[in-house]
Amino acid sequence: MHIDVLTLFPEMLSGVFNSSILKKAYEKDKFSYNLINFRDYSQDKHYKVDDYPYGGGAGMVLTPQPVFDAVEAVVKERPTKPRIVLMCPQGEPYNQKKAEELAKEEHLVFICGHYEGYDERIREQLVTDEISIGDYVLTGGELGAMVVIDSVVRLLPDVLGNKESAPEDSFSTGLLEHPHYTRPANFRGMKVPDILLSGDHAKIEAWRRKESLKRTYERRRELIDKHSLSDEDTKIWNEFNNK
Ligand SMILES: C[S@@+](CC[C@H](N)C(=O)[O-])C[C@H]1O[C@@H](n2cnc3c(N)ncnc32)[C@H](O)[C@@H]1O
């Protein structure tokens, strides 16, 4: 996968690309990326990228020319048609399903806004996806783009080792993940559940499934598609309901 990020503040992203799993994945050629300052594409003699909104009102609006030119330049460099993602509080709410969908692509282009927003023609003509990372407003699209990129790259083949397993994570299974414990078995009188020390793998799996269902029931009941629960899961779910 190749990722292009169009931003006015590339330095906001480079620290994240240069840390932890993203850094390792990049060094192992699991993906490549470019941070592109779309100000470099401005045809204005002062490299301006924003202007006052027609009709008046507060804030500045990103002009279409630098963004269109920057997108067209990165698209031309790759053989496959990219997904062009506009980071936007009005976009589709981001989730794990969308991360899994984007992880299948060869080329992703992210456009990070700033100021009051974008000229509407960018939204209408250029982008394939508009993504929001939540119902709140950030100063710019960079943090949101990094959230999306981090969650996509960790799903690419061979990015996570055995020590971190994506398929069991919360949302991947449709449930929240079960609780975890590590050494010591007794910390300040707080004990690890006996079952986890028993060595009985079948019982441990059953305990984890039940805890995962319980956690989802308690915190995010709306995640559950009851039709996809097994008979055993349904029995457990009904026990919670009847308490
Ligand atoms: C200050 S915001 C503009 C908000 C815009 N005036 C509105 O009310 O919808 C500037 C930029 O930050 C990014 N942004 C802000 N909140 C976001 C969110 N929740 N998800 C994704 N991007 C966001 C977008 O790129 C947006 O263009």
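Counting begins at 1 with the first residue displayed.
Backbone N, Cα and C atoms are what each Cβ position is placed from, and that goes for glycine too.
These numbers come from a predicted model, not from an experiment.
According to TrEMBL, the domain 'tRNA methyltransferase TRMD/TRM10-type' annotation covers 1-225. Here TrEMBL flags Gly113, Ile133, Gly134, Asp135, Tyr136, Val137, Leu138 as S-adenosyl-L-methionine binding site.
Positions of the features from TrEMBL, shown on the structure.
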| residue | record | Cβ neighbours (10 Å) |
| --- | --- | --- |
| Gly113 | S-adenosyl-L-methionine binding site | 25 |
| Ile133 | S-adenosyl-L-methionine binding site | 20 |
| Gly134 | S-adenosyl-L-methionine binding site | 11 |
| Asp135 | S-adenosyl-L-methionine binding site | 7 |
| Tyr136 | S-adenosyl-L-methionine binding site | 7 |
| Val137 | S-adenosyl-L-methionine binding site | 7 |
| Leu138 | S-adenosyl-L-methionine binding site | 16 |
Across the domain 'tRNA methyltransferase TRMD/TRM10-type' (1-225), the model's average pLDDT, rounded to a whole number, is 96
Quick test of your reading of the structure: among the binding-site residues Gly113, Gly134, Asp135, Leu138, whose CB sits under 6 A from ligand 1?
Gly113, Gly134, Leu138
Distance in Å spanning the most remote Cα pair of Gly113, Ile133, Gly134, Asp135, Tyr136, Val137, Leu138, given for S-adenosyl-L-methionine:
16
Which secondary structure state does DSSP assign to Asp135 (S-adenosyl-L-methionine binding site), in the simple three-class scheme?
coil
